[in-house]
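Undergrad: Encoded as structure tokens, here's the structure I'll be asking about.
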Amino acid sequence: MNELANFANPLASTEHFDHIQISLASPERIRSWSFGEIKKPETINYRTFKPERDGLFCARIFGPIKDYECLCGKYKRMKYKGIVCEKCGVEVTVSKVRRERMGHIELAAPVAHIWFLKSLPSRIGLLLDMQLKQLERVLYFESYIVIEPGLTPLKKFQLLTEDELLEAQDQYGEDSFSAGIGAEAVKKLLEALDLETEREDLLEELKHTKSELKPKKIIKRLKVVESFIESGNRPEWMILEVIPVIPPELRPLVPLDGGRFATSDLNDLYRRVINRNNRLKRLMDLRAPDIIVRNEKRMLQEAVDALFDNGRRGRTITGGNKRPLKSLSDMLKGKQGRFRQNLLGKRVDYSGRSVITTGPELKLHQCGLPKKMALELFKPFIYSRLDAKGLSMTLKQAKKWVEKERKEVWDILEEVIREHPVMLNRAPTLHRLGIQAFEPVLIEGKAIQLHPLVCSAFNADFDGDQMAVHVPLSLEAQLEARVLMMSTNNILSPANGKPIIVPSQDMVLGIYYLSMLKENEPGEGMRLSNMTEVHQALNVGAVTLHSKIISRVPQVNEQGETYMKRVETTPGRMLLGETLPQNYKVPFETINRLLTKKDIADVIDTVYRHTGQKDTVLFADAIMSLGFKYACKAGISFGKDDMIVPAAKEALVEETRALVQDFEQQYQDGLITQQEKYNKVIDAWSRCGDRVAGEMMKEIQMVHKGPDGRELPVNAIYMMAHSGARGSAAQIKQLAGMRGLMAKPSGEIIETPIISNFKEGLTVLEYFNSTHGARKGLADTALKTANSGYLTRRLVDVSQDCVVVEDDCGTERALEMKAITQGGNVIASLGERILGRTLAEDIMGTDGQVAIPIGTLLDEAHIAVIEKIGIQSVKIRSPLVCESHGGVCAACYGRDLARGTPVNIGEAVGVIAAQSIGEPGTQLTMRTFHIGGAAQLNEQSHLEAVTDGRLQFRDLRTIIDPQGKQIALSRTGEVVLVGTDGRELASSRILLGAHLLHNDGDMVKKGDRLAEWDPFTIPVITESAGIVKYQDLVENQTLTEQVDEATGISQRVVIEYRAPRGKEDLRPRLTLMNGDSGETARYMLSPGTVISVDDGQEVLAGTVLARVSRESAKTRDITGGLPRVAELFEARKPKENAIIAKVSGRVEFGKDYKAKRKVIIRPDDGSEPIEYLVPKSKVIDAQEGDHVKRGDNLISGSPDPHDILEVLGVEALAEYLVSEIQEVYRLQGVKINDKHIETIVRQMLLKVEITHAGDSIFLPGEQVEKEDFEAVNAKLESQGQEPAQATPILLGITKASLQTRSFISAASFQETTRVLTEAAVQGKIDTLSGLKENVIVGRLIPAGTGAAMKRLRVTANSRDAALRAANKAVNFEQPTIAIESDNTDTPDAAE
């Protein structure tokens, strides 16, 4: 019965499975797959082209070459199906079986499987506890290994050379011990392993071991032993006796013209194995000398190695053309391998591609499709319509008609295409908006027409770009294309929720021109009653587009009634106002202003939020046409006189030249170093360039009046730049200011700037200097694209299975959000950061009532309420703290940014996050920034109040210095601004030595300066009066006189001192002697400290004793752009990483070592002190006796994310990663919502490391999924046993992708061999829960519409199971029905 069903639908048999398992194949298993043994290396007969019998293409084993025809031709046609020909032994069946039938080779001697030998860590090596080197010596016949020592003093597993073996046999007798060589010996050893006892011994050893490194090794072995026990694999299966041969159609041999053959490399590799195997058999039959047989066995081992993984060991086997042969492993690996080439990327039917051109008269949901393309793409639909209408009798006739292009065909094509969306795609598809659906409009010509507004989503322009068209065939596909992918449904960008359908370039210029207002235009002050009169006045020339007039515009009130409102405006703005949808939340004021590109985007955003999608689409289309029309009417153009070179340029340049000359002189006199001079010169020139640019912008913006008092036209270049249509201030600066500084190829800046601009023209030397940068720019762009693409791929891989799975996980945890400020400027306001997130706490109003309850999804209205109350920090839900299994919940994720509504269940938020972060990757820079000179000036050196309030000091000790200033003494102190109701509004850390301008409890206004400090040095301040004594400060050993470069005043500076052997190390410090009580305080001085007091000098409290230069004041390279983003996502340890205090406590200094010094923190709670070893060259940010808080830097630098996680927890880590990554994107002006970064960080935090096993099966130090860990603990607690303990760990995105549950997903990402080896040993099961696995096995992904199908299947399955159980209970006495038994093993039968 099944046979017949499968014949009708050959795929049916493989459809129902719900997981895939991979494991080692036993020899019996391999033989059971096989249809026969391959004995000869021959392939096909060169004269008859028929396969040789028993050869690699044998028809008897693999099946017939032609359908239903045996090899000799005795049986032909269907009627003989299933008969085996007695003459040639071939079964009569379909030739397709040659794609699925396997053969095998029986090896004359066992060989080791190279994956389990060489894929690190070597599995065979771990099981036998042998080193890989030793194993290889045995396997490749260099040394013997003792298998059973018997009563001899030899050790088991001991290696013996040939001479040693003979000696031992002479000494102890041949039969007293057994030794072997090659894979046979290893196989015996593996067979002899008792895994259960091995496991017990290892666990015992683990309990009693004392050393540091031993447990790691034991745990490694234990894991391998356990995985063999649990998976039911046998260790000896890693040694092969039988080799499977893949079906011949998968390694084809094709005759080329000219009598030659093209063949797959695998045939060569198999042939090599068969040849060596047959020769070995023959030699063994002939009883050849041992040495010859051994050599042949070694060659067989090498041949099998090459077949499985060519080049993994020894020489790579090459073919006739010196090209390495592609082995079975290479077939899977890399971009060209099976996974990425064929399973994850497929070519599709019904697609075409062509050049694109603009279609400004199209509606937003349309695209222009060339008739020729449409005819080809929609052929089957046309045939069926022709048939349905009875126009063509047969399919053949229909084909003819279409080929001849009769006029009926065009009418039918119009019908077929109506309301049938097509999908357009532009490569590279960096985010989901790279494929959108449109309704096709038939056009003449051969180019696809694209709507101008969707260009920014596709990143398309019309300089020869090509796009591909795909036709969704089934009704479901058409429905999804229309509902989900239609361009009108994708108005907002999924990355930041801002509109992506925004006018650009000409449209912006037209709208900007239209919204301009000018003084003294004709008709100024006219009163026009309505739009009709405005049109009339414009047509007769009574007013211009820019005249100030008073008119009335129709508006809608909240009840939806229309009324006329009187406004002061211009005719141009009235025209714009006509396009606005009628809604009381979108009043005329929205566009009654000068509109730049950013403003237009805001208008579209407002319209979308308040009036919905349909109105927005109509508005966008209308505003686009207006923009084009008036850009054309305005006729804006510019000539060289529009580039105004500022008059002040000459003077500014001269002034700077004099300054540079001055620095040069200081350098000649030895007052400043080369580096200092370089920094100052560059600083001076970059300031000069900026000032010239400022002057130029002033002159370009100036509005001049004509003799009649009318304003003359605005400078066209300024209009283009200011409106955001084209160009920027930086580009105008090069045209009319000065080009400024250029970089060398190495990335350093050339000291001589380019003083000319493009209008004046460059000198030869200037031109030459500017060529470096241009060339480097082009080289960088090429590298950037590849790097950015790879980052996106890693991000998608780590987050692909993160899908919204439920409405609310009910977690108690939350993230606290504050506004991000830098130097008193708000970079990202609180409102921006919490918009579209779920509240995790009640928000109290000023009246003490709940203003917004917990669990609210915050929209724009709520944000306004929060800002009005004046709250500074809000707790919200985040994907990071979500406790859903197998995904995130809708409440933790919040708003779906691309729709502006709560996120749907089934949304693939992980992939969206990855695309949102990866897509702008190409806009990031590749270079590392050189900070110094100019950049130092913007180092923050003061603190301002961000809001009105009362000042409070928290943990802040202060002292009045001799000048009467209030100085901060503590490192961890904060100033807090408190509102009238006592609520904390803002808080800031205060640096040591900062001068506080207000006292505790003062009322301050927004913008008041609270504190200021020197951004370049950290002072050492005394807390009491006394006499200073120098200790261990010896001239020319630990102390030196240096002349200050800028002022010429000499200073005493501490230098690094290495004590000679046997001498006591010097520890330079200052002590403060108090008159009555002797020594009161010690101040350790690190190298580079400048001492400000003399030996024996009397000082007052608050005196600065010494100054340490801050790291940030030095010129240093900071990684920026793409490399920085990658570094953060890969969770790499930074080069100069900061050391973080793990506990709060007091600092002490311990003993000094050769290059390190010991810093000890004594915790406040009296627990064990914690010690750190710090390089002496580093500046320690704390003095003896200082109190540090947990998480404070002991040494400045970039913190290591792993430390932050360990010391401060998940929330702090998230905050750090989000802010660091956002900073890079913000520099480039790219907006990405925080939740995307949080989603990726969540995927990096899915694992925990076991610290204490308790009664669980986990091993200490093992990394397990958080979900598994929690499930095991819940089970242990319910049984009253001791649960395991663990700490969260952070994995980089590459590592996290390789450690996902799904081995299919991991194997298709990177390191395919390693992943598959590991999975096979563990007998891993892939439950196909992620997106990637499902794409690979060819199913609907469990996200989006596929998620609904999955849910239905799960409910149906559970219902079936319940029914079956009920039936069993009822029919307990009766035998089960036979038909049912066919499907009982397939849980998916419900489908």
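Placed from the backbone N, Cα and C atoms, the Cβ positions cover glycine too.
Source: prediction; values computed, not measured.
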Undergrad: Among CYS688, CYS882, indicate the single residue that Swiss-Prot lists for the Zn(2+) 2 site containing CYS809, CYS889, CYS892.
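TA: Among the candidates, Swiss-Prot records only CYS882 at this Zn(2+) 2 site.
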Undergrad: For CYS892 (Zn(2+) 2 binding site), what is the secondary structure state per DSSP, taken as helix, strand or coil?
TA: helix
Undergrad: On a simple 10 Å Cβ count over all chains shown, which one of the binding-site residues ASP461, ASP465 is most densely packed?
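TA: Per the Cβ count within 10 Å, the most buried is ASP465.
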Undergrad: Three-state secondary structure of CYS809 (Zn(2+) 2 binding site) from DSSP?
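TA: Going by the DSSP assignment, CYS809 (Zn(2+) 2 binding site) belongs to neither helix nor strand, so it counts as coil.
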Undergrad: May I have the list of same-chain residues other than ASP461, ASP463, ASP465 whose Cβ is within 8 Å of the Cβ centroid of the recorded Mg(2+) site, in sequence order?
TA: ILE356, ALA460, PHE462, GLY464
Undergrad: Please work out the number of neighbouring Cβ atoms within 10 Å of the Cβ of CYS892 (Zn(2+) 2 binding site), leaving out its own Cβ.
TA: 31
Undergrad: Using other CB atoms within 10 angstroms as the count, which residue among the binding-site residues CYS72, CYS88, CYS809, CYS882, CYS889 scores least?
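TA: Sparsest of the binding-site residues CYS72, CYS88, CYS809, CYS882, CYS889 by Cβ contacts within 10 Å: CYS72.
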Undergrad: How many Å lie between the Cα of CYS70 (Zn(2+) 1 binding site) and the Cα of CYS882 (Zn(2+) 2 binding site)?
TA: 63
Undergrad: Reported as an integer number of Å, what is the Cα distance between ASP461 (Mg(2+) binding site) and CYS892 (Zn(2+) 2 binding site)?
TA: 38
Undergrad: For the recorded Zn(2+) 1 site, enumerate neighbouring residues of the same chain (Cβ within 8 Å of the Cβ centroid of CYS70, CYS72, CYS85, CYS88, site residues themselves excluded), in sequence order.
TA: LEU71, GLY73, LYS74, TYR75, GLU86, LYS87, GLY89, VAL90
Undergrad: Using C-alpha positions only, work out which of the binding-site residues ASP463, ASP465, CYS892 is nearest to CYS72 (Zn(2+) 1 binding site).
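TA: Considering only the listed binding-site residues, the nearest one is ASP465.
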Undergrad: Here are the binding-site residues: CYS70, CYS85. Which has the lowest count of other Cβ atoms within 10 Å?
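TA: Comparing Cβ neighbour counts within 10 Å for the binding-site residues CYS70, CYS85 gives CYS85.
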Undergrad: What is the total of other Cβ atoms whose distance to the Cβ of ASP463 (Mg(2+) binding site) is within 10 Å?
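TA: The answer is 5 other Cβ atoms.
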Undergrad: Cα of CYS85 (Zn(2+) 1 binding site) to Cα of ASP465 (Mg(2+) binding site): how many Å, rounded?
TA: 59
Undergrad: Given CYS889 (Zn(2+) 2 binding site) and ASP465 (Mg(2+) binding site), what distance in Å do their CA atoms have, once rounded to a whole number?
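TA: Each residue's Cα considered, CYS889 (Zn(2+) 2 binding site) and ASP465 (Mg(2+) binding site) end up 40 Å apart.
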